[in-house]
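Engineer: Input: one structure, supplied below.
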Amino acid sequence: MHVLLSKKIARFLLISFVFVLALMVTINHPKTKQMSEQYVTPYLPKSLQPIAKISAEEQRRIQSEQEEAELKQSLEGEAIRNATVNAIKEKIKSYGGNETTLGFMVPSYINHRGSPPKACFVSLITERDSMTQILQSIDEVQVKFNKNFAYPWVFISQGELDGMKQEMIRQAITDSMNGDPELINIKFAEIPADEWVYPEWIDENKAAESLISLANVPDGDSRAVRYQARYFAGFFWRHPVLDEFDWYWRVDPGIKLYCDIDHDLFRWMQDEGKVFGFTLSMSEAKEANEKIWDVTKKFAKDFPKFISENNFKSFITKKDSEDFNNCEFTSNFEIGNLNFYRSPAYRKFFNYIDEEGGIFYWKWSDSIIHTIGLSMLLPKDKIHFFENIGFHYDKYNNCPLNDDIWNQYNCNCDQGNDFTFRSGSCGGHYFDIMKKDKPEGWDRLP
């Protein structure tokens with residue numbers, strides 16, 4: 001019995017030895033190692049994977065290449081910065097220095113490695129504006145344009161905007177950007193109280209009389225409209241909340257956009273060297289603009305250095321004379337360079353106009369002040385009419401008459417309601433001065 005058991009144990013040990021020996025041979029076979037590295041290693045955590053051995057010489061080579069690449073990048077960055085600074089200096093010099101209007105604006109037209117323009121939407125909210133109108137205008141701009149570009153919004157309000165209204169605005173913009181927080185940039189600010197009152201040199205009794213005498217002019221009896229006109233003409237661009245921006249797009253409560261805008265308008269303005277873009281123009285009531293042209297001519301005589309040689313005075317004067325024609329770029333849609341208003345020339349012009357008191361003694365609007373300033377202080381080719389943007393405000397419409405444009409941008413407006421070439425508009429006058437071809441059918445509108 002014991003002998004039989006010993007034989008079984010010996011046989012078991014022999015078989016086990018042979019199995020272990022075969023297993024060791026298999027594990028150490030080259031093909032087995034290759035399969036192990038191919039199928040097992042990739043699934044190991046990085047901390048457990050074998051670290052490739054690099055020779056000291058190879059390590060020095062890699063480090064040297066990294067240092068060389070970093071140095072090259074640093075030198076390229078410095079070269080680009082130096083080239084940019086030199087380009088700015090040369091451009092400013094070519095315009096006659098940074099005291100000139102164009103010279104002052106040069107830095108805002110320089111692209112830094114393809115970075116987008118420093119631009120934003122500006123919406124002024126007064127006590128007269130409803131949240132329905134405000135949210136409508138936000139939705140129009142976000143859906144038709146900004147969902148593709150994510151430019152910031154700046155809301156400047158008359159008094160503090162309460163938390164509920166701010167949240168409604170945030171939610172409207174957030175929803176249009178699919179809730180992506182990285183694409184949402186909203187700023188709220190207040191109009192300084194001293195910029196929404198009569199300035200100290202205004203005779204308030206005389207100003208009150210104009211509210212009565214101009215009651216037959218749209219908003220002619222409104223003091224608030226005059227405060228707003230003065231603020232937009234001379235102060236909104238000074239607000240610290242806009243200091244970081246070069247470009248603005250004014251968005252008034254209640255506006256509508258009729259066409260899709262698939263290209264970056266800010267980038268286009270910057271790349272084309274434009275300063276101001278508009279969609280609607282019209283002739284303002286003569287009674288509202290009493291004496292403003294006389295003051296403008298006096299300014300031009302006192303400060304001839306600010307008047308552009310190739311200016312756009314022909315847009316604001318009659319074809320057969322130097323008389324003022326009351327044409328204005330309607331301010332409910334503006335895309336412009338903030339640095340134009342910040343320039344020494346426009347500051348001087350606005351102060352000159354403001355001290356005359358015509359904003360309150362008559363009804364000089366921000367539209368007419370902007371228009372005269374732009375037309376006198378800039379070359380005419382810096383001002384652009386956006387004929388491919390369908391726009392609506394109040395009872396006025398800009399609807400592209402060019403069928404190709406109308407179809408390309410999915411416009412949903414009635415071309416028969418376009419105001420550009422109608423009586424009371426200055427659109428036809430603009431086309432004539434700029435020698436632009438008018439779209440087919442422009443003369444068949446009532």
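From the backbone N, Cα and C atoms, a Cβ is placed for every residue, glycine too.
Okay, these came from Swiss-Prot:
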- GLU334: active site, nucleophile (ACT_SITE)
- ASN82: N-linked glycosylation site (CARBOHYD)
- ASN98: N-linked glycosylation site (CARBOHYD)
- 30-114: region 'Stem region' (REGION)
- 115-446: region 'Catalytic' (REGION)
- 1-8: topological domain 'Cytoplasmic' (TOPO_DOM)
- 30-446: topological domain 'Lumenal' (TOPO_DOM)
- 9-29: transmembrane segment (TRANSMEM)
Engineer: Measuring Cα to Cα, how many angstrom lie between GLU334 (active site, nucleophile) and ASN98 (N-linked glycosylation site)?
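Structural biologist: Their Cα atoms are separated by 25 Å.
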Engineer: Non-local Cβ contacts of ASN98 (N-linked glycosylation site) (under 8 Å, 6 or more apart, same chain)?
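Structural biologist: ASN98 (N-linked glycosylation site) has long-range Cβ partners ILE92, PHE104, VAL106.
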Engineer: Ten-angstrom check, please: count other Cβ atoms within 10 Å of the Cβ of GLU334 (active site, nucleophile), all chains counted.
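Structural biologist: By my count, 21.
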Engineer: Could you say whether, by DSSP, ASN98 (N-linked glycosylation site) belongs to a helix, a strand or a coil region?
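Structural biologist: Reduced to three states, the DSSP call for ASN98 (N-linked glycosylation site) is coil.
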